[in-house]
Amino acid sequence: MEPAAAATVQRLPELGREDRASAPAAAAAAAAAAAAAAAALAAAAGGGRSPEPALTPAAPSGGNGSGSGAREEAPGEAPPGPLPGRAGGAGRRRRRGAPQPIAGGAAPVPGAGGGANSLLLRRGRLKRNLSAAAAAASSSSSSSAAAASHSPGAAGLPASCSASASLCTRSLDRKTLLLKHRQTLQLQPSDRDWVRHQLQRGCVHVFDRHMASTYLRPVLCTLDTTAGEVAARLLQLGHKGGGVVKVLGQGPGAAAAREPAEPPPEAGPRLAPPEPRDSEVPPARSAPGAFGGPPRAPPADLPLPVGGPGGWSRRASPAPSDSSPGEPFVGGPVSSPRAPRPVVSDTESFSLSPSAESVSDRLDPYSSGGGSSSSSEELEADAASAPTGVPGQPRRPGHPAQPLPLPQTASSPQPQQKAPRAIDSPGGAVREGSCEEKAAAAVAPGGLQSTPGRSGVTAEKAPPPPPPPTLYVQLHGETTRRLEAEEKPLQIQNDYLFQLGFGELWRVQEEGMDSEIGCLIRFYAGKPHSTGSSERIQLSGMYNVRKGKMQLPVNRWTRRQVILCGTCLIVSSVKDSLTGKMHVLPLIGGKVEEVKKHQHCLAFSSSGPQSQTYYICFDTFTEYLRWLRQVSKVASQRISSVDLSCCSLEHLPANLFYSQDLTHLNLKQNFLRQNPSLPAARGLNELQRFTKLKSLNLSNNHLGDFPLAVCSIPTLAELNVSCNALRSVPAAVGVMHNLQTFLLDGNFLQSLPAELENMKQLSYLGLSFNEFTDIPEVLEKLTAVDKLCMSGNCVETLRLQALRKMPHIKHVDLRLNVIRKLIADEVDFLQHVTQLDLRDNKLGDLDAMIFNNIEVLHCERNQLVTLDICGYFLKALYASSNELVQLDVYPVPNYLSYMDVSRNRLENVPEWVCESRKLEVLDIGHNQICELPARLFCNSSLRKLLAGHNQLARLPERLERTSVEVLDVQHNQLLELPPNLLMKADSLRFLNASANKLESLPPATLSEETNSILQELYLTNNSLTDKCVPLLTGHPHLKILHMAYNRLQSFPASKMAKLEELEEIDLSGNKLKAIPTTIMNCRRMHTVIAHSNCIEVFPEVMQLPEIKCVDLSCNELSEVTLPENLPPKLQELDLTGNPRLVLDHKTLELLNNIRCFKIDQPSTGDASGAPAVWSHGYTEASGVKNKLCVAALSVNNFCDNREALYGVFDGDRNVEVPYLLQCTMSDILAEELQKTKNEEEYMVNTFIVMQRKLGTAGQKLGGAAVLCHIKHDPVDPGGSFTLTSANVGKCQTVLCRNGKPLPLSRSYIMSCEEELKRIKQHKAIITEDGKVNGVTESTRILGYTFLHPSVVPRPHVQSVLLTPQDEFFILGSKGLWDSLSVEEAVEAVRNVPDALAAAKKLCTLAQSYGCHDSISAVVVQLSVTEDSFCCCELSAGGAVPPPSPGIFPPSVNMVIKDRPSDGLGVPSSSSGMASEISSELSTSEMSSEVGSTASDEPPPGALSENSPAYPSEQRCMLHPICLSNSFQRQLSSATFSSAFSDNGLDSDDEEPIEGVFTNGSRVEVEVDIHCSRAKEKEKQQHLLQVPAEASDEGIVISANEDEPGLPRKADFSAVGTIGRRRANGSVAPQERSHNVIEVATDAPLRKPGGYFAAPAQPDPDDQFIIPPELEEEVKEIMKHHQEQQQQQQPPPPPQLQPQLPRHYQLDQLPDYYDTPL
């Protein structure tokens, strides 16, 4: 009978709130059954026989607990507001006294009603009325955590475990969590205006567990509002819906905040911060954040609260939400002696949209790491929470609460009951026991014993009064800290945002009003479930389970609830989840094995002679891996070891002391502190009870003072108290005689006590990242310590005398100090020091001869010019990144095996290097070495020689046999390799000779047989020809071949056939017309890269079985030949940059199945035109394990076609962060541009807001980013373009100006002195590889929020004005700039005309130079001229210039829409797609002679010296000024329609015109644009006075020129336009020559079919050609003709000359441009 009743109770939460209210009889029956079952099971559990379930009866209706979603209405109490998502009638007032079920449990009723069957029969009918929106009010997910104390639990599990089982499952499944409906109270404009009125105000978002469903409630407060005031206010509201809450507090600034504030005059966003008053000083950025500052004493211990005197109780008066709207509420709890009474008021207007899902829910859908959950539904009753009853609601006596036994785990051998809820006198409140921390699976013994009685529960002893309520704060999804009552939440939030990088308080204020901030900083009203639960549920879900042996056919697979709790596996015995008996399988000492016969199946077995086995089959491979990894860790644990790290502990959990035999205890990253107010059972003083403890980890807590209790543990051998803000070490530590490892890193220590000398067994003492200025003298007595670890301190002078007194010290680590010199007081040698680490100091020279036994020396990244070392026992020398010109080692180091002296200024290899007989690795790269000694190659032990980036002109001519396996001689000046190099170096496996001047290769053998084992050959960027290809066949084992950017014209098929083991080939940047078909013999080939060639036929690469990547971009492919089935491993195919390529629908459909398929988008009439001022190309390449961890962003028409945005993002080893940045960052920048126009401000804010947008992905992962924004300022009188670059990490931007690189980015790493100082202040640990906490080298990067505040997202920002001297700029990822210098990158792409080909070249060069990471490169070519700024005046009256250059017209329609009525649209030439109107925008003519093109010769100077210097003015692209030495060919495929032509001719009647292609309805014009560019403005001449030089064909003159004497009418409405627009849309007059290309004042009319009205085309016979011999005479006639025109033009009025000088120039412009070709 009990299971049936329990099953009935379990089904109750599935009903909607309205449905349950309509079935009181059924609910009563279920409640009666539940009560009977609970009594029986509780009696069984009380005997302690087995951990079977004990069900708790429902709470009294008068006081449903903190999780109850339904309640009764008190007399005179206003009904709760309609909550979103409720079923119909959810806001309806219920009659008083109506029984109501509790979420997750049964509703108590006075008497038993009908049976449970009636409810089951109606279940199907009632279920139809449920909707997804009702989840907040009816489903168990909305109140399971809050109703944990009322709902029936499972066997051996507390109620909260039962309630959160489904939550824990959902937290591992994003798709399920994204379907959750969690409402968020939205801020209204009036609320935001109230906050913006004063800088002292703000908003914090609090997850409020007191509401019927957990909401993210906005709380408006001031900087003086305390956490206690906010918590008290939320507690008073309780289950009432309410809206946005105002809590003004009692501070000095609260009085001003209470004054009614008139709304600001502007309704839109503020573009500038308001001027703060004197009292409104922004908080200091260095102020301690939520976790900073000295540790404060927490409140008294968290006792189990009960009602009674001194306890917190509810007022019987109406709650503040019951008062009339707008009426301020002044009040608080009646018995609140500790918390001040806040002045609070509810905002009148608030929104509860049923469909309004929290933004943080969308971006932060699943719980974060560190054991903390981001779900607001997983909140548990806090120990400091107030009474769970509702104000003014009567209590119904009776129904005592029963305790819940807990499952027995390895750390909790004895189950213990929770403290019961106590019910005081009528009208009192119902109290609930607090939950223990995540530390255990049971509660401490000695809890209160409850006795059922008529009037409730009688406590044997009166508990102490509970502490006042307060808030919890969580940073970046990790541990959660309890705020003290006097702490100020808004101040904590502001300090955190200032540390991120926001610079203004008003901007911090705006950011705080965004609910998405929860992934960075989050407040809770009540302790989050995962940090306050008494069990440790790690994984759970519903899976197919089978018990016993797999061979037995009796045991079948059944669907069961499975939970990994602590160190036990819990499996339910019935289908209804946790209602039946729970089977507990201890995993410590057990094993987990994979079951190969079943997919995604694991076998879990316990240890011992009576071990049991459970087979669990998971649904997905992801779940399978998650369970395998987690359970494997649990099974490998020891019983004597406890790990309670990252559990948000403020004191020691009571159940920790069950086992006194612990040997290893890990308590790192909690909030433990020295607090004398804590009782003895909870403080750190109780650590001495562990008499067998050997290892104790207390790092990253808030100790503040050294815990003296640990000194009383005699067996302690390892103690870690790092990062605890310790300022001194007490003398009592001297009694720990057995201590061997003592870690004190990351504190504020300046000295050590002398008593440390008593630690005779101490062998390791960590003193790194403290504040020592010298070596402590006490180390002289610690004779067992052999390593001095003092990195990251403040040592300026190293006194060797101190080391001389420590003969036991062998390893000295003094990196990251500020050592400038070494002082040797005596001549004696320091014979005991064998390893010396002086990296990242400020040494100018180093004489290490005194260390005559030195074996390993680290001195990288100093300022060394000379270095002297004793070589007797030297084994490894690391001296890179200095300024060495001299390196002496004496005597010859016979034991030296590794030597790195790269990135110095050495001009030759020291002679002693050739005599080091055991040298294996020599790195001399990035020096100034001109020659390598021949004896170096004779060293029989040398295996790896890195000599790249030097000035080598040749290698030793005749080499003897050498043992070198890796030879890198890239970036030198080699003209050839030694002829016998490849024959003598029979051990050579790797050769990189890229970036030299090689024209030939040495042979590998002189016969047909070869001994070559060469596997990798890199010859990129040389001058190799086809003659070198046959020599490659001498290397039959070749696997990787890079011969990009050479002079290859063919690759013989017979030679390719012999390279059968080839796996990767790169032949890009040559002149190949085909890839040989014999490539099919290379059956192992997986990568073929051949972009930037002349390949016309698609190679047979699709026949290769292992092919993964094919890059044939920037070729001349016209078709693609594919097999019926694509290769199974093909992942990437790049066919961009093939303009002749045409793919049919079937081929496209087949290729779209490839994971990464790239092809040019077809140009359409409505396609967006590419910029006339800039064009771009980008590429990406996979790195290690074929993972593409980079992404590129390119927006040509950013912000309404007036700007451009480009970006590169690098995730290092993760894929998720770069893609998030790519998809989100442009939208954020567009929003920030609406708030401020300052380049640095909107760029900085964009990066910081992106940190928030990363959500939980950015909590543990990160990525570098660079963003470039091109902006045109219409207000600027110069009309210039501004390029703004912002970067974090190692992604960088470089601008090419006048052929020279101009870096616009900066990498913030440990070599930056200011960054290193900041990192040291935050006491972060920098590992030996230069990474913050071993994670990242960059101190400014997006993501990695768990490293805050050491790592921040504030970028480096730099802005430059673009000039005509700016050619292009490059954006690159880390892999690109690690392989190429900025000078080489600029030089490599400067002569590449196509941006896509330029980006491809950079990527190929980086890969050939040794980069193995993912690479992304974006090349943006610029064409910024004086005429690009569009500052033309539109009328003689001084009209305002157009708002923007409008250089991105995606179509003619948009040009018409955006153009002023009296102005002109600005043209655009397409980069990658054709522009519809580019033929109208040309500023030159096309020759009518057959086969003739525009002359490439620059035009001569002007014929008239008196002509005005028009080019001095800035003009738009439609009104160009041709300067000298500039030629640009622009291919236009403009489409027109001849339907509206009025020339009286049919298309068939016209003679064909060369250069103009037409089919009667389309006209394609090929245009040659001459636009000159002068370096000196005074030498510039106007286009009309610059006729072209005579060509061989002669000069073309229009036959219908206007008569010289006819005056011309100036048209200011269309300045520079040739003729008037006709009704049919044509522009040029009919009598003009067809080679005159005009500019339309208005775009041609568009037909419905999508074509344009074509202008009339004159016949070629209307013009004549002047022979070359008459050119000079014609020039004189033209000159005379033009002079007469200028004389006839009247000058402007005198009064307009000084004010409108540019108008005068515009008046002189002719009506058309006719440049004779």
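Glycine is treated like the rest: Cβ placed from N, Cα and C.
Taken from Swiss-Prot, the feature N-acetylmethionine covers Met1. Sequence annotations record features per position, and here Swiss-Prot assigns compositional bias 'Low complexity' to 98-110, 313-325, 333-345, 1468-1489. Residues annotated as compositional bias 'Pro residues' in Swiss-Prot: 262-274. What Swiss-Prot records for Ser317, Ser412 is phosphoserine, and it gives a large-scale study or a structure entry as the kind of evidence. What Swiss-Prot records for 346-358, 408-417 is compositional bias 'Polar residues'. Positions annotated as repeat 'LRR 11' by Swiss-Prot: 895-916. Per Swiss-Prot, the feature repeat 'LRR 14' maps to 963-984. Sequence annotations record features per position, and here Swiss-Prot assigns repeat 'LRR 17' to 1037-1058. What Swiss-Prot lists as repeat 'LRR 19' is 1084-1105. Annotation comment: Swiss-Prot describes 1175-1422 as domain 'PPM-type phosphatase', evidence class sequence analysis.
Long-range neighbours of the repeat 'LRR 11' (895-916) within the same chain, counting only residues 6 or more positions beyond its ends whose Cβ lies under 8 Å from a Cβ of the stretch, are 855, 871, 873-885, 887-889, 922-933, 935-936, 938-939, 941, 946.
Taking Cβ pairs closer than 8 Å, the repeat 'LRR 14' (963-984) reaches residues 925, 937, 939-957, 990-1006, 1012, 1014, 1018, 1034-1035, 1409-1410 in its own chain, all 6 or more past its ends.
For the repeat 'LRR 17' (1037-1058), the model's average pLDDT works out to 93.
Counting residue by residue with DSSP, the repeat 'LRR 14' (963-984) contains 4 helix, 3 strand, 15 coil. According to DSSP, the repeat 'LRR 19' (1084-1105) comprises 4 helix, 3 strand, 15 coil. Here the repeat 'LRR 17' (1037-1058) has, by DSSP, the following mix of helix, strand and coil residues: 6 helix, 3 strand, 13 coil. With helix defined as DSSP H, G or I and strand as E or B, the repeat 'LRR 11' (895-916) counts 4 helix, 3 strand, 15 coil.
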